[in-house]
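Visitor: Pulled these from Swiss-Prot:
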BINDING   Gly11, Lys12, Gly13, Gly14, Ile15, Gly16, Lys17, Ser18  ATP binding site
BINDING   Cys99, Cys133  [4Fe-4S] cluster binding site
MOD_RES   Arg102  ADP-ribosylarginine
Amino acid sequence: MAALRQIAFYGKGGIGKSTTSQNTLAALVDLGQKILIVGCDPKADSTRLILNAKAQDTVLHLAATEGSVEDLELEDVLKVGYRGIKCVESGGPEPGVGCAGRGVITSINFLEENGAYNDVDYVSYDVLGDVVCGGFAMPIRENKAQEIYIVMSGEMMALYAANNIAKGILKYAHAGGVRLGGLICNERQTDRELDLAEALAARLNSKLIHFVPRDNIVQHAELRKMTVIQYAPNSKQAGEYRALAEKIHANSGRGTVPTPITMEELEDMLLDFGIMKSDEQMLAELHAKEAKVIAPH
């Protein structure tokens, strides 16, 4: 059996990270791979489309119900979904109470100790990426995930989050084997989005793994709690996710140590692409507008 590949999908909240990861993993299982998904997002929506169900009970919730994690059995937390994909959600505390990242640490330790990683080709971590705090960096920090895929778009905050995640990877890259596998651009139809995604990937010493076009069929499938792979296997969008899965499958050992850029460099890049205006331009436009308003008729 080939060595276990541990991958992680990071990305800012609302970028479509969980949808992208579940569709990609559904395509990957169709390539004959055995997969375990470990959801590391407090929303616990990392496995919904694979299980065709509402968010599953999380490790933290079940541990609180039973008394502690030690009182749980693997079958209590692990559910099996589309084509045998194993699913676990780590969960998080009530909003404003405690560190959500602790659920990630607790879950991964529990799963390893109870043999969840046996007999799978891939373990995939789906991780919140607005903040790369200690808990959420756990799959990186503890050298669990070896390949990180950042889901982003051409929007300013998605680019900012992608660069921040690259900083987190760099911090642990030399201590362990973690590498940036590449960027996945989830199209938001912003100006020059593909060019910008490729430029950022190059600046980060990485590559754009795939550009996922926007398609309403993704929402249609989600409303039915399904991946596009399951809902419309012959659709163009299903083909996009299969292409992405094949690229990830062929990307083993090809990750890089990222070279994150400064906020100033990121803003300069946006200026170069005409996405952002300089302070001087904005002031000139504002003054021109004000002059127009107060000009006598």
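Heads up, the Cβ atoms here are built off N, Cα and C, so glycines get one too.
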Visitor: Looking only at Gly11, Gly13, which of these binding-site residues has the biggest number of Cβ atoms within 10 Å around its Cβ?
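Guide: Per the Cβ count within 10 Å, the most buried is Gly11.
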Visitor: Fewest other CB within 10 angstroms, which one of the binding-site residues Gly14, Gly16?
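Guide: Looking at the binding-site residues Gly14, Gly16, the Cβ with the fewest others within 10 Å is that of Gly14.
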Visitor: Which has the fewest other Cβ atoms within 10 Å: Lys12, Lys17, Arg102, the recorded positions listed?
Guide: Arg102
Visitor: In sequence order, which same-chain residues at least six apart have a C-beta under 8 angstroms from Ile15 (ATP binding site)?
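Guide: Listed in sequence order: Val151, Met152, Ser153, Ala158, Ala161, Asn186.
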Visitor: Tell me, how many other CB atoms lie within 10 A of the CB of Ser18 (ATP binding site), whichever protein chain they belong to?
Guide: 25
Visitor: Between the Cα atoms of Gly14 (ATP binding site) and the residue listed as 'ADP-ribosylarginine', what distance do you get, rounded to the nearest Å?
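Guide: Gly14 (ATP binding site) to the residue listed as 'ADP-ribosylarginine', Cα-Cα distance: 22 Å.
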